[in-house]
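S.K.: Below you will find the structure I want to go over with you.
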């Protein structure tokens with residue numbers, strides 16, 4: 001059965017998701033990023049609303065004073081006030097928006113993702129058949145549903161709010177500065193409603209995009225088998241790996257820290273391991289020559305190992321015995337005497 005005729009009923013493996021992430025294929029939620037940025041901006045306006053209100057009130061009051069001043073002086077004062085108002089409101093607002101976009105993108109993408117793969121030319125992007133296929137996909141249906149939801153819910157919420165404030169807005173020119181605080185209070189309420197609605201919509205979109213992405217990344221049984229085969233290799237390769245692991249497991253652990261008796265000769269050091277009930281005969285677990293022998297000797301001293309000076313036996317063991325193997329039978333007697341003297345046998 002071919003891959004095209006099989007049903008993609010299995011979830012994507014971690015390897016497939018990791019490879020897709022390296023290619024820049026991740027669930028993207030632009031609504032969540034926009035909602036986070038908008039909430040940051042609205043939150044800033046909410047927290048700094050009183051300061052902005054005072055600045056705007058000051059600008060409106062200054063308008064009457066500027067009418068009686070010479071034109072050049074009036075323009076200069078108006079520009080100074082405009083710059084102060086911009087720095088006090090727009091500057092922090094842009095910083096909040098920029099920071100929120102970066103943070104929301106990192107949260108939505110679960111870290112920083114950089115890939116040039118999406119920028120490469122792809123014929124499928126301009127293929128009309130692929131476009132028609134995407135048009136009838138579940139993702140397109142979800143996008144249409146999201147658009148309708150935003151239009152109906154957000155539009156209805158804002159409409160109800162404006163209906164409650166329409167009388168205030170109508171009498172605002174007559175009311176003058178006395179209604180200025182009412183307008184800002186209403187604006188804060190509108191900000192709170194809008195921020196809450198946008199954030200909820202962004203979180204819902206984030207969950208939807210992840211669910212759709214995992215749905216698109218589903219695999220067939222054949223794809224899973226192929227991936228497993230690529231990871232583990234052919235049966236022959238797996239058998240060879242198993243054989244090497246078994247050989248390594250059967251070999252005794254080596255190193256001076258495994259030794260119980262050390263023989264030292266001229267520029268030669270031999271380490272043997274013999275533990276009653278564990279090893280039937282002494283095993284050669286370490287050996288060194290030259291500078292390495294000096295380093296190993298100091299390490300053996302630090303480990304408080306029994307050290308025997310025997311130049312002849314040390315050189316004989318060095319030339320006749322391999323690491324991890326038992327000592328030859330002809331050396332049993334002198335080594336047994338050393339073990340007895342050290343209280344190891």
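Glycine too: its Cβ is placed from the backbone N, Cα and C atoms.
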S.K.: Looking at 1-25, 26-50, I want to know which stretch Swiss-Prot calls region 'Disordered'.
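M.R.: When 1-25, 26-50 are checked in Swiss-Prot, region 'Disordered' belongs to 1-25.
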S.K.: From 66-86, 87-107, which range did Swiss-Prot mark with transmembrane segment?
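M.R.: Residues 87-107 are the ones Swiss-Prot records as transmembrane segment.
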S.K.: Kindly point out the range from 130-150, 151-171, 214-234 that Swiss-Prot annotates with transmembrane segment.
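M.R.: When 130-150, 151-171, 214-234 are checked in Swiss-Prot, transmembrane segment belongs to 151-171.
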S.K.: If we skip the immediate neighbours and take only residues 6+ beyond the ends of the transmembrane segment (87-107), which ones have a Cβ under 8 Å from one of its Cβ atoms?
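M.R.: Tertiary neighbours of the transmembrane segment (87-107) are 32-33, 35-37, 39-41, 43-45, 48, 51-52, 55.
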S.K.: Under the DSSP assignment, what numbers of helix, strand and coil residues are found in the region 'Disordered' (1-25)?
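M.R.: Once the DSSP states are binned, the region 'Disordered' (1-25) shows 9 helix, 1 strand, 15 coil.
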